[in-house]
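Comments concern the structure below.
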Amino acid sequence: MASNKDPTVISMIERHLCDLPETNTSDLKTLTEEAVLSFHNISYQETVQSGFPFRKKTYVIERLSNISGIMKPGLNAIMGPQDGSRSLLLDVLAARRDPCGLSGDILINGKPRPANFKCTSGYVPHNDVVLGTVTVRDNLEFSAALRLPVTITRDEKRRRINEVLELLHLNKEQNIKPRSKELRKRTSIAMELVTEHPILFLDDPTTGLDLRTTTDVILVLRRMSKKGRTIIFSINQPQYSIFRFFDSLTLVASGKVMFHGPAQDALEYFRSAGYNYESHNNPADFFLDVINGSFSDILDTEGHSHEDDNYEELFERQYQVTGKLANMYAQSPLYSETRAILDQLLGEQKLERSSAVETTCVTPFCHQLGWIICRSFKNFKGFPWVTVIQAIITVILAAAVGTAFRVLKNDCIEVQMRAGLLYLLTIFQCITSVSAGELFVIDRVRFLHEHTSGYYRVSSYFFGKLLAELIPRRLLPSTVFSLITYVIAGVKMSMNCFFTMICTIMVLAYSASSLPLSIGAGENAVAVPTLLVTIYFVFMLFFSGLSLYSGSFLPKLSWIQYFSIPHYGFRALLHNEFLGQNFCPEHNTEEVSRCHNYVICTGEEFLMIQGIDLSSWGFWENHLALVCTMIILLTITYVQLLQVKNIRNF
């Protein structure tokens, strides 16, 4: 039986247009072109693997089976139990799933759905992907700037943004960062409305919202549908105050259609089939109870010894009920009417089925790059305390290192101390580069949604993130740490050598950062790649430290240096620091003579002990190795982003 969740007595389903708020001058302009989406014999299969590695078995599961229907301008709701069928059907219609497992035809106004349909329709995902570190208006401006053609003037874009803000009652909150669930949801919808696409898909837009916010969202969608938009959304058990606004209802379960037609006809359909509807019940709860088989009597059996049998019986009964309902709908006059309309839309011609799905952008590369950099800087400013804390830690650490070297300064081991300081600088660059791997990880879901929706190309996103986030986050800490350390340690060097050292440190930092980036951009990048990168740097820094005191790599392990990023950076720093240096000046002869061990007096002597070429090529070969390593690893990163984009669709 249906659950009693809505005490309101409902004698019949009625739809009152007077319940909607009146349209005023702030409403969006009526769309000049309406869109009718029809789907014909849609089936969707997924290939899954199970078992042990190298012995995995492949299974093909049919998730959707022979589904047909039509979605016209208005509110088109997809309901069903939480078995994934309703969201899957929505994603398939919105071209957000891998087309390889899809069979059947999806038409827009009787014509095949275009390959770039994802970019010409709106889609609000279940999990909000708005950026919470910038304001509501910033999010809308980003969407309008990248998804509307550059031929549209700024005034027109501003007008659209203002109308959408007023429509969703976001005027007073437009300068607030969307942190709450309710504000994030409304902002997500607003970002899609600003493009004025004729079809809008929403995956469970009311989940997690209170009744008042849910009603506001549905009323806004209702107003948009009255202006000619086709609104298609999945929803779970709405109350009657929400359900009565639906124009079309599709009930799906276990990948099959239980009902598809006008929402106001759904109750009569099930009543005529012999299902008893009590007037005090919520229609949505009643429909789901029918689909689930009204199984409460099974779970109420006395005793708990047969609990497993009850659930097996429940599963078997649900399967039988869904099969029965699907067959009943397939034999109903309602399906025959729908089938006739669909056949008329499909026509006699055979359509060429194509699995090609492409992403097209309406703005050029430079335009996308500029907006991505701008938003990245705003996002960077959205974490002021994190930036301040990192700066404080960097200053304290640099001061501690510089003070330690100043206190331990000794003329007898001046060369070793100077080399040790450069070694610590190398360690700092490598260890702090490990966190760079999260650059593309934390934004992955947002990137997939925005790229799929036509915001930007992968190349624009890639270079924008590197220029706006990686460079500032590595440039400032590295420069500050090196400058403070050298000043406090009392190291004297020419300005030319100092700036050369800073440039070398930057090349080392970016080369080291490219390694975690190349792994972190992958599909399965979580904690394990970070651990691997950390182990790599510790291992390579250990051998670089051995070479500092032994003079060179151990003969049997000399091949490791060719794969060591710290090795190239450390050698370049040594070459820049020691070439032309004299550590035994005439006024310091007496102090040097008192040393018990042999004192290295010239930088060239130390470089020769380390096996470093004294020519200018001995310096630039390390830079060349670092740059080549960085280019190779960043290329791998870009390819990883392309693969993630192709594997997952949002």
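Yeah, the Cβs are placed from backbone N, Cα and C, and that goes for glycine too.
As given in TrEMBL:
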{"type": "DOMAIN", "residues": "37-279", "note": "domain 'ABC transporter'"}
{"type": "TRANSMEM", "residues": "383-408", "note": "transmembrane segment"}
{"type": "TRANSMEM", "residues": "420-442", "note": "transmembrane segment"}
{"type": "TRANSMEM", "residues": "483-510", "note": "transmembrane segment"}
{"type": "TRANSMEM", "residues": "530-549", "note": "transmembrane segment"}
{"type": "TRANSMEM", "residues": "624-641", "note": "transmembrane segment"}
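Counting Cβ pairs under 8 Å that are 6 or more residues apart, the transmembrane segment (483-510) and the transmembrane segment (530-549) reach fewer than 3 and are not in contact. With a threshold of 8 Å between CB atoms, the same-chain residues lying at least 6 positions outside the transmembrane segment (383-408) that come near it are 133, 417, 420-421, 424, 428, 476-477, 480-490. Note on the domain 'ABC transporter' (37-279): mean pLDDT across this stretch is 89.
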